[in-house]
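Engineer: I'd like to ask some things about the structure below.
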Amino acid sequence: MSNNIPYLSLAIWLPIAFGVLIMALGNDKNAGMVRGAALVASLISFVVTLPLYFGFDTSTAQLQFVESLPWIEAFGATYGLGVDGLSVWFVILTALITVFVVVAAWEVITEKVAQYMAAFLILSGLMVGVFSATDGLLFYVFFEATLIPMYIIVGVWGGPNRIYAAFKFFLYTLLGSLLTLVALIYLQFQSGTFEIAAWHKLPLGMTEQILIFLAFLMAFAVKVPMWPVHTWLPDAHVEAPTGGSVVLAAIMLKLGAYGFLRFSMPIAPDASHELAGFMITLSLIAVVYIGVVALVQKDMKKLVAYSSIAHMGFVTLGFFMFQDLAVQGAIIQMISHGFVSGAMFLCIGVLYDRVHSREISAYGGVVNTMPKFAAFFLLFAMANSGLPATSGFVGEFMVILGAVKYNFWIGLLAATTLIFGAAYSLWMYKRVVFGDVANDNVKELTDVNTREFLMLGALAILVMAMGLYPKPFTDVLQVSVDALLQHVAQSKL
Amino acid sequence: MDQMNLSLAIPEIALALFACVFLIADSVTKGRILPILHNIVVLFCIGLGVYCLALVPTEGTGLAFSNMYIADSMALALKGFSALAIAFTLIVGANYAKDRDMFKGELHALVLFTLLGQMIMISANNLLLVYLGVELLSLSLYAAVAMQRDNVRATEAAMKYFVLGALASGFLLYGMSMIYGATGSLNHSDIAFAATAAVSGQKSIIFVFGIVFLVAGLAFKLGVVPFHMWVPDVYQGSPSISTLLISGAPKLAAFAMMMRLLVDGLFVMAFDWQNMLMVLAIASLAIGNLTAIAQTSLKRMLAYSTIAQMGFMLLGFLSGVTGQDTGNAAQAYSAAMFYSITYVLTTLGTFGVIMVMSRKGFEVENISDLKGLNKRAPWLALIMLLLMFSLAGIPPMMGFAAKLSVLKALLATGQVWLAVYAVMFSLVGAFYYIRIVKTMYFESPSDNTEIVMGNDARAVLGLNGLAVIALGLLPAPLMAYCMTVIQQTLAG
């Protein structure tokens with residue numbers, strides 16, 4: 001713990017620096033080198049996050065690997081970084097997913113390769129910044145800055161309707177976060193500092209708390225996204241290139257959920273309790289209604305996008321029952337969803353690269369031509385529907401247990417996700433993979449190559465490992481979640 | 001006190017002499033050595049800027065020319081930035097001017113005189129001197145707009161600018177004469193003294209009327225609603241280098257003029273002029289942002305964006321005083337100053353890109369002319385992207401820090417709803433700024449002509465882009481700098 005290497009700063013600025021370098025030096029003529037450099041850069045950026053786990057002290061809820069430098073004294077803002085059990089896994093997950101994104105783009109992205117790789121590396125650094133900022137303003141700067149590369153990614157390398165999707169994504173999220181900015185400045189006035197930990201202790205009246213909670217809700221609900229502000233996500237997912245969808249689903253959605261844990265709940269605990277019923281209702285609508293919506297999708301990416309919304313509904317449901325098991329389950333669900341949804345989008349990307357269609361009806365009988373791929377896809381579809389022994393099961397099960405304890409009927413409704421999840425995931429799988437070879441496109445399919453095999457294989461191992469042995473995750477979470485819940489249980493009034 | 005103190009006015013004196021020598025040298029040689037003179041002018045402006053900025057921490061407040069002229073750290077800082085902005089304009093605009101037969105001694109002379117006018121405005125401590133500076137600046141600008149004799153649109157723009165500008169000057173003079181009538185003095189410090197007496201006793205109607213006309217004149221120069229009509233037409237009609245001369249550095253001088261007239265002179269009347277500014281700001285944010293969306297012409301869009309940006313700057317300016325409490329003044333005015341500097345920096349870059357992209361016989365006119373810029377010149381596109389996100393106020397760009405400091409000043413005076421209003425219109429603004437990014441990045445080029453630019457233009461544009469992101473990530477030094485000079489000005 002006492003080492004002085006600033007791992008968090010490295011995890012933020014290394015990928016950004018690599019990204020800028022690649023953008024400056026790379027062009028389409030040396031695309032091969034650019035790909036290699038991007039892979040090395042993402043691997044190095046991943047490796048520097050590993051000490052965060054190995055050096056992590058699971059016995060304390062205190063922030064670890066803390067860094068603090070003066071930043072903008074006029075605002076009382078500092079360059080403060082640190083992680084606790086709630087955030088450390090997301091830092092690592094972000095860096096890891098970026099490696100997959102770089103690999104997934106290898107042969108697929110042929111235009112403006114350097115800019116593509118640079119955008120993802122910079123995005124990765126910014127997202128690590130969001131998870132590790134201990135200063136409200138720094139958090140906001142990283143949170144907003146992620147919009148820029150994502151806007152470019154969707155707009156430049158996206159599908160036919162990409163411009164609409166990019167605008168919708170950008171304006172929706174910006175709308176949400178602007179009011180948050182007002183709330184942040186308000187909190188700064190009340191406390192004289194932008195330090196999040198100081199805000200946790202700041203006494204606030206009920207009206208103030210409710211207003212602050214709602215201002216934060218605007219930003220985080222759009223990002224998660226919660227019903228009814230979810231409509232940007234299916235558009236963005238469908239139009240984004242594979243890498244964009246993976247990062248959106250795996251990491252960006254978590255920024256919102258993480259915001260609830262770091263800001264809304266501890267800063268406005270009384271408002272959180274007051275509005276818990278509202279939050280639970282919205283979450284249940286997301287779980288049940290969006291689950292049904294996912295069932296009728298014709299587009300594979302859209303289906304997985306809706307399933308993401310339903311899964312994230314599960315996460316917010318877990319948070320606002322204020323139960324140890326449920327909150328832990330929700331966080332586990334976030335991590336697991338990062339792997340599983342990322343893997344689902346990568347699988348769809350593998351198919352799309354060959355056939356150039358995302359319509360379910362364009363496929364059928366893929367198993368005949370791509371047996372290895374079918375096996376991987378099956379595992380991920382099962383994980384998506386929460387099959388025991390996969391990572392998807394652990395989190396969902398914990399949240400449902402918590403929910404049943406909290407209120408039987410909420411638990412019952414939440415449990416329907418297991419049915420809907422299985423229905424939409426496996427029904428899609430059946431239509432795409434099983435049956436006779438549907439058309440010539442499918443007939444000409446070639447099975448996954450080595451690159452894709454390694455990529456999907458690595459994810460498969462992670463999904464299985466997390467399902468079978470979730471202890472490394474729950475261990476890290478335990479103390480921090482306990483401390484959070486103890487804090488939230490104390491009224492500030 | 002009644003001394004000349006010539007040494008305080010060295011920047012102005014040097015500039016005036018230099019401009020005259022330049023005119024003679026150029027006409028004697030019949031323009032043959034203009035390329036060399038151009039470089040000398042640029043170096044002189046840079047030198048002048050650096051000289052002014054270097055003086056900032058050492059000089060205290062000094063008065064010259066029988067108190068007509070004031071030299072304090074705010075004046076020196078703003079003069080320094082103005083001179084650097086003018087140097088930037090000349091460097092980036094050189095090729096543009098050459099392609100349009102504007103690269104003549106007259107252009108450089110006019111540019112030098114606009115700078116002189118700005119410097120006088122910045123340092124004026126007397127209503128008449130303010131007016132002198134305004135007129136020197138405006139007349140040079142009218143001529144700069146009309147420099148292309150055979151360009152119908154530019155001539156029309158110059159005409160409009162001249163007529164409306166004369167009207168605004170009339171407002172300004174009328175207001176000044178009323179203030180003079182109410183106070184019996186043209187000197188800012190005497191006016192401040194008389195104003196204090198007026199506030200404690202019966203406020204005379206003529207005083208308030210004078211302020212109304214002064215504010216109207218200022219609003220015209222800033223180009224805020226409802227005195228904004230000239231802005232889009234002039235921006236669009238003028239050759240881009242003249243547009244940049246209008247929209248860049250003079251905003252710093254306009255800021256200084258507001259500081260001198262309203263804060264130095266009429267601080268005790270803050271309640272009156274703050275309310276007027278609030279109306280201007282609210283209207284500018286709405287009309288500027290909403291109208292910008294409907295534009296297809298790039299320069300018109302930037303004109304409306306300027307209107308909105310200036311409205312935002314006013315928000316900082318109007319949050320200096322609440323009731324009798326002046327504790328927020330330094331923070332509010334330094335936020336407005338930081339905002340103005342940010343605005344000038346981004347505007348320089350934006351018009352710089354427009355000028356570099358234009359070539360002989362082709363003028364970047366519509367937003368669609370930027371199509372596929374990322375494919376044609378990725379480097380220029382990246383700079384423009386940074387500038388647009390900065391104007392939209394997205395972190396980590398400088399525009400975010402500027403908006404944040406203004407919002408903070410607003411919230412410090414408890415004007416929460418005004419802050420929410422401003423924030424909501426920032427969202428509207430973001431739409432048309434990211435539309436530019438869309439045009440550059442998401443669309444294919446309709447024109448594949450290679451974009452040629454000089455190494456000096458490339459270097460200063462690069463520096464500009466770098467500054468926008470570097471000062472966004474680390475705004476603290478510049479903010480502290482603005483704070484210091486404003487505090488010294490308020491104290492002096």
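For all residues, glycine too, the Cβ spot is worked out from N, Cα and C.
Sharing the features that TrEMBL gives for it:
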DOMAIN    A:133-417  domain 'NADH:quinone oxidoreductase/Mrp antiporter transmembrane'
TRANSMEM  A:6-25  transmembrane segment
TRANSMEM  A:37-56  transmembrane segment
TRANSMEM  A:86-106  transmembrane segment
TRANSMEM  A:137-157  transmembrane segment
TRANSMEM  A:169-189  transmembrane segment
TRANSMEM  A:209-233  transmembrane segment
TRANSMEM  A:245-263  transmembrane segment
TRANSMEM  A:275-296  transmembrane segment
TRANSMEM  A:303-322  transmembrane segment
TRANSMEM  A:334-352  transmembrane segment
TRANSMEM  A:373-394  transmembrane segment
TRANSMEM  A:453-470  transmembrane segment
Engineer: Examine the transmembrane segment (A:86-106) against the transmembrane segment (A:137-157) and state whether at least 3 Cβ pairs sit under 8 A, considering only residue pairs 6 or more apart.
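Structural biologist: No, the transmembrane segment (A:86-106) and the transmembrane segment (A:137-157) are not in contact.
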Engineer: By Cβ distance under 8 Å, which residues at least 6 away from the ends of the transmembrane segment (A:334-352) in the same chain are close to it?
Structural biologist: 89-90, 93, 97, 100, 104, 108, 237, 242, 245-246, 249-251, 253-254, 257-258, 300-301, 304, 307-308, 311-312, 315, 358, 363, 366, 373, 376-377, 380-381, 383-384, 390-392, 394-395, 432, 448, 452, 455-456, 459-460, 462-463, 466, 473
Engineer: For the transmembrane segment (A:37-56), give me same-chain residues lying six or more residues beyond its boundaries with a C-beta closer than 8 angstroms to one of its C-beta atoms, as numbers and ranges.
Structural biologist: 1, 3, 5, 7-8, 10-11, 14-15, 18-19, 21-22, 26, 64-65, 83, 85, 88-89, 91-92, 95-96, 98-99, 101-103, 117-118, 120-121, 124-125, 128, 472, 476
Engineer: Are the transmembrane segment (A:303-322) and the transmembrane segment (A:209-233) close enough to be called in contact, which here means at least 3 C-beta pairs under 8 A that are separated by 6 or more residues?
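Structural biologist: Answer yes: the transmembrane segment (A:303-322) meets the transmembrane segment (A:209-233) with 3 or more Cβ pairs below 8 Å.
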Engineer: Under a criterion of three or more Cβ pairs within a distance under 8 Å and sequence separation of at least 6, are the transmembrane segment (A:209-233) and the transmembrane segment (A:275-296) in contact?
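Structural biologist: As far as Cβ distances go (cut-off 8 Å, pairs 6 or more apart), the transmembrane segment (A:209-233) and the transmembrane segment (A:275-296) touch.
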Engineer: Determine which recorded stretch among A:245-263, A:275-296, A:453-470 has the most C-beta pairs below 8 angstroms with the transmembrane segment (A:137-157).
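Structural biologist: That would be A:245-263.
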Engineer: Sequence-remote contacts (6 or more beyond its ends) of the transmembrane segment (A:453-470), Cβ cut-off under 8 Å?
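Structural biologist: Counting only partners 6 or more residues beyond its ends, the transmembrane segment (A:453-470) has Cβ contacts under 8 Å with 100, 103-104, 332, 335-336, 339-340, 342-343, 346-347, 350, 372-373, 376, 379-380, 383, 388-394.
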Engineer: If we skip the immediate neighbours and take only residues 6+ beyond the ends of the transmembrane segment (A:169-189), which ones have a Cβ under 8 Å from one of its Cβ atoms?
Structural biologist: 75-76, 136-137, 140, 143-144, 147, 150-151, 154, 199, 202, 211-212, 215-216, 218-223, 229, 232, 235-236, 267
